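> Sharing a structure below in structure tokens format, with a few things to ask.
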Amino acid sequence: MVSRRTSTKSESNRYSSVGKTLVIMMIHILWTEVSAIDADIGPNGIVDYFLNESSSSPAIQLFRLDRTSGTLRVSSKLDREQFAVIVLPIFARDRGTPSLSASSEITLTLSDVNDNAPSFEQMSYDLYIAENAPIGSTVGTIVAKDADEGDNSDISFRIFGGADAKLFDIEEDAEQNGVVRILTRAEFDYEAKANKFFFELQASSGQLSSTVPVRIHVSDVNDNKPVLKDFVILMNRFDNVPMARQIGFIPAFDPDQNATLEYFLEENDLIEAEKYTGKILVKQEWKRNMDVTFKTCVSDGANTECSMCRFIHVLVEPDWLGESFTLSLARMTVDDFWDPMVFQRFRDAMSTLSNWKPSDIHIIGVKQHLDDVIHINLAITDHGRVVRGWRAIELVKESIKKLEKMTLLQVEVIRDESCANEPCSHMAKCRQTQKFVGEMKAHETDNFIARTLNTVNTFVCECPSGFTSSDSRGECDTRLDECYRGRCSNNSTCVAYENTYRCECKTGWIGRHCEISIHALTCVPGYCMSDSLCELEGNRMKCRHCKYKGEDTDDRCRLRSVSFEGEGLLNVNLDLPRTQWTMKFRISTIAHNGVLVFTGDKRSDYVEISIVDRVLKVQFSLGGEKVDAKMENDVENRVNDGEWHTVTVEYSNKQITMSLDDCETHPSILLNSSPNCAVRAKLNFEKKCEDPTVPCYRYLDVSNGLFLGGRPGTSKQIEKPFSGCISDLSVDNEEVDFSTIKEMHKVGQVNEGCRQRRDFCSTTEGQCTSTSKCTNRWGGRICSCPQAVHSTGECVGSLGTQDLRGQSLFEEESFVLYQPGQVSVPFEISFEFRSSRADMQVFALEFTQRNVHYNLEIDDGTLKYNIGDSSIEIPSPEVSSKHWMNVVVKFEADSVATSINGIYSAEVKASIADMNLESLYFGIAPGTGHPSRFEGCIRNVMVDGRAISVKKKGKTRAGCVVPNRCSVDSICPTESTCHRAWNKHKCKCHKSFVGDTCLPVCSVANVCSSGTCVASNTTAGYECICPTGKTGKNCQLEAPKQICPSGWWGTFPRCRRCSCSQTKGYETQCDKKTGACMCKKSHFSTMNGCVKCECGFGAESTECSSDGYCKCNGDAVGRRCDRCSRYDHQLDSKTLKCRLVAGKCPSEIEYSIQWPTSQKGSTVRQSCPSGESGLATRKCLESGRWSDVNSWNCTRPEYSIMVNKFDILEPAKLLTMVSNATNTESSIRGRNQQIAAEALSRLVDHEQSMPLKGRAHIKDMKFTEKLIESLGRVMSEQPADEYSTLISKLWSYAETVAETHELVTFLSPFFIANEHIVFASDKLDFGNILPKFNNFVDLRPSGFPRIRAIVIGTTQVVYSIIPYPRCDRCENPMISIVANTSDPIIVEYEIEEDDGWKYPECVRFDEKSGTWTTRGASLIGLNLTHAACEYNRIGVFTMFVNDQSSSIVRVAQIEDMTSPAIAGVALFLCFLSILLTLSRKSLKTHSVRIGFILFFAINILNLFFVHKTAINQAYCPVRNAMLSFTSFAPFAWLFLYGLYIYRMLADGSSSPSVTTSLLVGIVFPCVISCTTFFFTDNCSLSPNLWLFWFIVLPIGLFLLLSFYAAATSVLVSLHKKYDVFVAKYNVKRAVFQHFILTLFTLGMTLSGLFANQLPLQVEIMEISQSIVYLIASLVIFFWCVCDITSKSSDSNPNMWLDTQKSVMAESTIADPQCSSPLLSPQHHHNEEAVDPDWMPDVIPNNHHLSTINEPDTPRRQLQPQSRDVINILSSPDQILNEGIGHVYRNNMGSLPRLRSAQDEADDAYYTYTASRRYKNTTSTFNRE
């Protein structure tokens, strides 16, 4: 054991020598062997090698060590990057026992090879770059690593691929291996279409590489402004459904994603926007329509954008949905429609259909129907009232083409299946409508937010026009004769149709009601149509220059025909009635098939009139079974002959009848003649349909108009198109005017007029030669000669050969053979033929090559030809024996063409180039290849235009000879005439005979149905006398009832509409005979409406008469049958006998209360009747009679509840209670009326106290309507003594509404009216006369009093009219006007004609005192029918009328005595002035002064009363004459006053001329006054009336004359040469006094006449006027006082006689005080009387001048003294003779005078007297 250990130890020491270090370059190869030396031998020396697997090194698993040999092998792939150095622990162990071991380690170092590809740090990269970064910017840095080392780890990069690789570049980092930067090669925009990019980046190391995806994101930079377009918000709200507060979001966006937006909305009361979300919210609920615009902005911080937000709020009322309709718009989506431009364009287009505004078009909902089709549900209002749905649909269909042009869309009226099964009973008509089913739904685009209603289709049953109810049940079961209105005039006849009527006018009358005469003095607008011109020709209107010709038009240039070419369809907006109609039209065609008229839908109701195999066919259905009728296919019934044919289609009683041309329809069907010209198809109903309440297919319900020219298919396809013309289309005699074809809906080609039937002969290219006759045919014309039906040249006199003259072939084997010789292609064959056969070969032509031949044949009336294997039909009219037919066949090398009559042709390709003509033949020619019988005549057979000879013929006759069938005896019945039809005949019955055997028409059974047939001289030869209830030519139609419809009264045809208020309890139907309103059963009519009958115990029943009287039994009398004939008797309830009641009032019923027997003098209290609370009282009078019942305290329940909730209920709820309560007008009395008045007063006060934003009038459009209607009803019952309270409330509310409308611009005008009140807010846009109705509909009931008001000076007004006010003396309507104007208001009232004169008094309501006053009111016009009042300002007005036949003038009541007192003082001053003037005895101008002062005082008196009196209109001329005289006279006397000054200066006159004074001061004003009397009949002082100018112009004239006199005197006073003269006589002061008098007189007159036009209160204005009168009077008074107080110091009054004194000396004697030259000083009897006071009111100066003594010279003595005084001014005569221009010359204002001898002496000797002291060398006076 020890040795082993030793051995072991020693071996271990030896084993330790085996450790090695290896560099592994390969795997699975032997790198080395491990060896250990063991000194032992045998088993102890055998060594095994092991890896120490207990080692923690993971690399040990990569190697294997051979146990025996010690070979070390690599077992797995070695990776240097994983294990760069590997240490393997090994040990060796021998096999001895015990085994000894030794351990060691092997260290392996791995060398690097390039076995690793570069790797990126991430699987993919997302890099970001800011937008707008410059080219070359670094996007990001990417790092790649390689696990290898050394050169094997070097990495290179490249962009490997990707869609956007070209947009980027890379840059490797030179200092860091494996680092690369991504660079840009372009600038990027985040808002661009692409803002994300992709490429792949490759990293390579040697041959190894790897790629990584790189995504580049462009990051947003705030470089864009927010986007906000103008947008529209449409918000529909249904009735009272709660409004959703959130509408949507402001449609703004910012292209920058990182932008934060803030939203702003202009401050308003309607909507708001949240700042950071843009959410649009409604501020409060609204119940009115609004269309307003607000400014909206959005900001991203750096940028702000603004736009306009249009907010449209529509309150959809329930009746709107009931009248709504649906349109389909093609090529449209919902998003496309909700665009402001498309939306507005659609509304604009719809508004043009009538006199609507775009705001009247209400879009209720829009739904996507198909991918490109939307359905729009809409309703239309007209001035606030909804338009009936059927009327709107009619207008749309009438103008659908115009609508499509304006909207650029395809429009169609939609009719869904809800009415397809005819769910309505009796004759009611189903109409599609909408029903509200849910809340609003929103649709938002970038410029529109639409919150429309969610509705579903439903239907309503309506009684259509022309139908009514036969009883009170209201069932639509009776057809009505539409002539009940009696509107046809000028002896015209009214003809009733189902839904309308026509007036059949007498000759010379036209128009809807035959109201227009064609014999006129001028053309009636609209008479001539289609842009033609109307001209008068012999007083008859003629239309010239019509663009349509011939049969295409009528005498008014209306287009009557259209043509189709087989590819067109025309839709006429004309719907067929449901139960009975007649359609007529004419057709001309050569077509065999085609639909002429179609209406309806093949899947339900429809009518189709078509041509099938050349004859007419009609087919119709009412929704179920289809029936048809087709005419017999006979030649006479065929319509493809190119001629005009009249088609008549009649529908009635579920059967349809069609006839052709002038067919006697009813007899023809009864006799079933052959061929029959009329057919009938009838629908048979199931038995259940006999009950009118069971839904069945009974009526023809079509609504898509008439389609002409085919049947409309899908995708604009036309089924069974028609080729031809349709003319004179009418339905129930309503003719269709095709002039508006451009406005009609059409598909394909539709031509105006019938081109194929125009007058070809009148055209230039259609002219025939002079020897031929031109005849129009279908599609062209023929030029006929005597021996040729059609000739292209001149007609020849006679045909030269028998061959040309013709052959007759009528035998079975008849034939004619021609062999023209050598004729080769090309050649032409021509001939003419006539035949009555509809099936035969006309001729055949054979060539030398027998395999080809040509033949022309008639196949059932149609021409066709065959050549080779081709068969060609020639489009031509039906072949008949009526005409010869010209045939021309042209054979060309490659074609064959055949023409008929030179009009109709057909060509076919055929190869006949080398063929020669062998023969041509007619009939069964022997030896030919295609013989066939021909029956008829031939002539003019030619080849290449030359006649050819007959080769052979058999059984023919020369010429065209046919037998005359009419020559055969008895060929026709006795009562007929034979008409030859070439080789046939036709028997035409005489008038009043019908059928194949021509029976008397009246002998035909049921020819008049249930009527009586009588022979007559009419066109048909008979007439049917129809029994009651039947109509029509053959009494085959049910006649409409000739009655007045429900809701009308009168006698047919003069029916009038009932006008009964249902709110008063009246029935809708009034009395049929009188029109009186009727109450329902057991009720009778009173002034307040219907009241229940109050029949007492003495009545036979509970029923009463219309006036409330019950039918009595026994001794009962009275209205209620509850009392006796004597007041002191009482009716016994059992015996119905009267017995005496002593000392008591008998028991009786009154006010529905049983009043007991009561003692005299007692007051009885009883409970109010059923339904009312409170106590009623009644007094038994001492006489034993009952007093009236005092029911004032009887209150209805609704009023009792109301009064208890005054302070609790909201205003809207309170108003609803008031409105509901007052709807029953009979309840508005007593306490009820008081409660209602109190409630309304509270509502008005509350509304007035609310701030503007909170007023209910703004929020709810129905609030004011309910308030006013209730107020009108309550005012109609308000006691007279309390009426002023409600007047004040009405005025207050009108002011509130006016203020609201002025401040809130989106409020629209409105109009409220019932029988009690009119209340309106209107804009004065199209006139200033109220009421006017351009903004709303006139809702005033019939009989409403007519009153007009003229308001000027404003653009908006609120007014109300009370037709029958209950105030005292209020017999005329009361009107209130609120407007922002200071101009006067003129109101015109109607007055009743009466024998006695009624005195009108214009009054206005004083709001302060609550009374009526005449202040500010004046009567300005009056005649027998109207009175006009003028009010100086706005307010409440009416007119009192008193019966005062003896009254002429009425003075208004004067309450404030301030103004009269002041005016009285002014008159007193005038009186004192007159006394002062009279006291001056020395004054010679008494007449002028007194005249002026007197008329001045009279003028004050007149002016004071002119606006305080109301005068009879008949006496207005007298009043005007007085006013003119008194206003004008003071100015005339002022002129006289100035004239005297002028005359004294001119000729020295010392006293006024009496003649001039009377002439100017009295006579002339009288003349003007008389003129005013005759030329003025109106009391108004308006400038546009004569009175104004008759006052102003004379005053102006005398002011000008006074100015001339004053100006002349002033000019003198301004010149230096006359200073002494002016100083002595003080001219300036005199003129100044005259000026002051004139000024104050003028001011007083103007203030008195026109001050009431100023915007002042009446009291202030009157006091101001009186003050002006007082001031003017004071001026006159001081003027007179000044004269009295002056004293004269003149000691020598005769100074003018002292020729020795100078003027300077003489002037010193002047009185220093205010002396006047008009004072008359005393003269010495021995002196020549020269008055020194010659100048009126000229005051000499008060200082004395020194005397200038001049020597007396001979020259002085030689001066002639021809005049007493010196003339300074020219005489008036000179002024008048030479003109005022003579006065002012030399630009110095010098004044002329007459030249005298003294002037000559002065010039010669330079000598001057005292009065001629200036040398006139440069004088300003002219010497002439």
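Backbone N, Cα and C atoms are what each Cβ position is placed from, and that goes for glycine too.
The model shown is predicted, which means the values in this text are computed figures rather than measured ones.
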> According to TrEMBL, which candidate among CYS978, CYS998 shares a disulfide with CYS989?
CYS998
> With the disulphide bonds as TrEMBL has them, who is the partner of CYS1035, out of CYS1026, CYS1044?
CYS1026
> For the transmembrane segment (1522-1542), find every same-chain residue at least 6 residues outside the stretch whose CB is under 8 Å from a CB in it, and list them.
1485, 1488-1489, 1491-1492, 1495-1496, 1498-1499, 1501-1503, 1506, 1549, 1552, 1556-1557, 1560-1562, 1564-1566, 1568-1569, 1572, 1587, 1590-1591, 1594-1595, 1598-1599, 1601-1602, 1605-1606, 1608-1609, 1630-1631, 1634, 1637-1638, 1641-1642, 1645, 1649, 1735-1738, 1769, 1772
> Say you check the Cα of CYS989 (disulfide bond) against those of the disulfide-bonded residues CYS505, CYS514, CYS1026, CYS1035; which is nearest?
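The smallest Cα gap between CYS989 (disulfide bond) and any of the disulfide-bonded residues is with CYS1035.
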> As a quick check of your reading of DSSP, tell me how many residues in the domain 'G-protein coupled receptors family 2 profile 1' (1123-1198) are helical, how many are strand and how many are coil.
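For the domain 'G-protein coupled receptors family 2 profile 1' (1123-1198), the helix, strand and coil counts are 2 helix, 32 strand, 42 coil.
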> Under an 8 Å Cβ to Cβ limit, what residues of the same chain, 6 or more beyond the ends of the transmembrane segment (1666-1685), are close to it?
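Contacts of the transmembrane segment (1666-1685) (Cβ under 8 Å, skipping residues fewer than 6 from its ends): 1458-1463, 1465-1467, 1469-1470, 1472-1473, 1476-1477, 1479-1480, 1483, 1489, 1493, 1496, 1500, 1503-1504, 1633, 1636-1637, 1640-1641, 1643-1644, 1647-1648, 1713-1714, 1716, 1719, 1737.
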> Restricting to the same chain and to sequence separations of six or more, state which residues have a Cβ under 8 Å from that of CYS514 (disulfide bond).
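Residues satisfying the criterion: CYS488, SER489, ASN490, SER492, CYS503, CYS505, LYS506.
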> State the residues, same chain only, that lie 6 or more residues beyond the ends of the transmembrane segment (1457-1478) and have a CB under 8 A from a CB inside it; answer 'none' if no residue qualifies.
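Sequence-distant neighbours of the transmembrane segment (1457-1478): 1486, 1489-1490, 1493-1494, 1496-1497, 1500-1501, 1504, 1659, 1662-1663, 1665-1667, 1669-1670, 1672-1674, 1676-1677, 1679-1681, 1683-1684.
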> If you count other CB atoms within 10 A of each CB, which of CYS998, CYS1026, CYS1035 wins among these disulfide-bonded residues?
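Compared across CYS998, CYS1026, CYS1035, the most Cβ atoms within 10 Å surround CYS1035.
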> To the nearest Å, how far is the Cα of CYS998 (disulfide bond) from the Cα of CYS1035 (disulfide bond)?
22
> What mean pLDDT does the predicted model reach across the domain 'G-protein coupled receptors family 2 profile 1' (1123-1198)?
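Value for the domain 'G-protein coupled receptors family 2 profile 1' (1123-1198), mean pLDDT as a whole number: 89.
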> Just to be sure I understand the packing, how many Cβ atoms besides its own are within 10 Å of the Cβ of CYS505 (disulfide bond)?
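Its Cβ has 22 other Cβ atoms within 10 Å.
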> Please work out the number of neighbouring Cβ atoms within 10 Å of the Cβ of CYS989 (disulfide bond), leaving out its own Cβ.
23
